[in-house]
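Everything on this sheet refers to the single structure shown next.
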Amino acid sequence: MAIPQSTSSPVISVSDLHMSYGDHLVLNGVSFEARPGEVLALLGPNGAGKSTTIEILEGFRNRSHGKVSVLGVDPATADEAWRARLGIVQQSWRDHGRWGVRQLLEHLGAYYAPFSEPSRPRPMDVDELLATVGLSEHANQKAGSLSGGQRRRLDVAIGLIGRPEVLFLDEPTTGFDPQARRDFHDVVHGLADLDGTTILLTTHDLDEAEKLADRILILAGGRIVANGSAAQLSREVEGRTEVRWSQDGEHFVHAADDATRFVRELFQQHGDAIGDLEVRRSTLEDSYMTLVHRFETDPVGSAQRETLEVVR
Amino acid sequence: MSTTSGARLPSPVLQAARLGIRRGYIEMMHSLTNRADQIWIVVMNGVFVGVLVLQRNSDLADTGYSLAVATLPGLIGMNVVMGEWMGTAQMLAVEREDGTLLRAKSTPHGMLAYLVARVTLAVLNTALGLVIFLVAGLFLLPGLNDVPVSGWLMLLGVFLLGMLATMPWGAVVGASVKSAGAGFGLTFLPMIVLIAISGIFYPITGMPDWLHPVAQVFPVYWLGAGMREALLPDAAAAAELGGQFHTLTMFGVLGGYAVLGLLVAPRVLRAMARKESGSVVEGRKAKAMQGWG
């Protein structure tokens, strides 16, 4: 099933995706793409359709209508050779509690051996993988005896064992303590660099999305209401960046479209007279709240408004 | 599906089938080295062997044979139903809940390997029970040495057919129940009742007449009867219903369960597998947590 692809063609392509359960419309025309090696975060309030979207892409759920392609194949009719190119990490896995960490990785890795390619040897080396996710010293422990954070790292390792071209992470850090969360972020950062793996993750955690993702999609009311990097989303929502400074004991505030240029001009004009400089771009949380609020207070208006497309 | 891979790569389907057998074997080793499982195996089989010891000197319905001689085949038959039907149902229900099944679904040809592993483990578990009972029987019941080769062959035949007759139905129950708890309740309690009325521990002729047809609808009775026919001398037929062994009916009923089960189970399993997804597992977990809280 190896489909020849130029490196620039999208790895994930979704267009006009609809999904309804009975009368309840969950996805109402979702469209987006992911390019090779990109890390995408899918953000949105509960019930916005994040999990539904990811399950349709994983081939675990049939859509109502719309076009979906992952690695050039429709997940609804894809075969096991396609599945071998994916990695999946779900929200709550408690399986294989009696298996040793290394034993489980070696066993699950063997399923990928028939799908090995010269450019992508499968499965990954277990020792290397254990080191990547920081489980080397727990290799002989039983999966059931791992802490929550360790268990999740094992889940990520299992998701990676087949050296996937696409990795789906569904709320990967739910229930993590701050240390486990930071460790996990380091692992994900390493991945996209490592093998050019394309990653789609869902999360509630705005901070996490900002740290991990190249691009953020905000899903609200079954539509993508925003699509761009954290910085782009902030600019688009607030329009401006707030610059504060003092000059001769007086304090000033200015909302600038291009803060860098504004500050440069400020110094060119006034030089050393400027003090207390503060440039504050709105945080992703600000943008997120504004976008979701805008949608919730006026769903029709925001549906009619052109979806915020700040990339491309 | 065509792969442009090198010639030395194994066929994915064959590889998955092999991995399924290895998985079943690894799981068996986990079970044998797990303290709780060890205690369960020792206590359960200890109780049954204890029954044989106690029944050694009781008479089987005036046939001149010890009651234990009739109980041993019954135990072997019961062990098949417990391992294949109850064991499979519970394992499937538990592994849907903890995500093992979803993991199999996420792995290339993982579902095939999973099914092969379930069969492998059930066969290994049942075979372990068979060996324990036979070894106990050889020590406790001198008559077992006199069983002719044809008797052992029949035991093997009933054993294999019995597995085919019960395991698919275990899969159907395991695939249909909503939770692991329901899987246990729906198999364990009926199992106890069926064992009680099927003449496993006491000749069915001693039960009220109206219970006979009830017992005869289910494979538990026929597995016991088939095993008794295989291992007991002809004269022991006096303790059976109607004073004789019903060989054809026995093979007919077990064969019927097997054929029907093998027709129904794959459909039910496919439907179940299609429905598994992350949010389904998550929802089940949330519900289970509520139940405990």
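Backbone N, Cα and C define each Cβ position, glycine as well.
Just so you know, TrEMBL annotations never went through curation; they're auto-generated.
Under the heading domain 'ABC-2 type transporter transmembrane', TrEMBL lists B:22-231.
The transmembrane segment annotation in TrEMBL covers B:38-55 (among others). Cβ atoms under 8 Å from those of the transmembrane segment (B:38-55) belong to residues 32, 66-68, 71-72, 75, 128-129, 132-133, 136-137, 140-141, 201 of the same chain, restricted to positions at least 6 beyond its ends.
Under the heading transmembrane segment, TrEMBL lists B:75-94 (among others). Remote same-chain residues near the transmembrane segment (B:75-94) are listed as 48, 51-52, 101, 118, 121-122, 125-126, 129-130, 133-134, 155, 158-159, 162-163, 166-167, 169-171, 173-175, 177, 179-180, 182-184, 186-188, 191, 194-195, 200, 219-220, 223-227 (criterion: CB distance under 8 Å, separation of at least six residues from the stretch ends).
Feature annotation from TrEMBL assigns transmembrane segment to B:115-140 (among others).
What TrEMBL lists as transmembrane segment is B:152-172 (among others).
The transmembrane segment annotation in TrEMBL covers B:184-204 (among others). Beyond its flanks by at least six residues, the transmembrane segment (B:184-204) meets 51, 60-61, 67, 70-71, 74-75, 77-78, 81-82, 85-86, 89-90, 93, 170, 173, 177, 211-212, 214-215, 218, 220-221, 224-225, 239-241 of its own chain at Cβ-Cβ distances under 8 Å.
For B:245-265 (among others), the entry in TrEMBL reads transmembrane segment. Panel annotation: around the transmembrane segment (B:245-265), residues 158, 161-162, 164-169, 171-172, 175, 216, 219, 222-223, 225-226, 228-229, 237 of the same chain, lying at least six beyond its termini, place a Cβ under 8 Å from a Cβ of the stretch.
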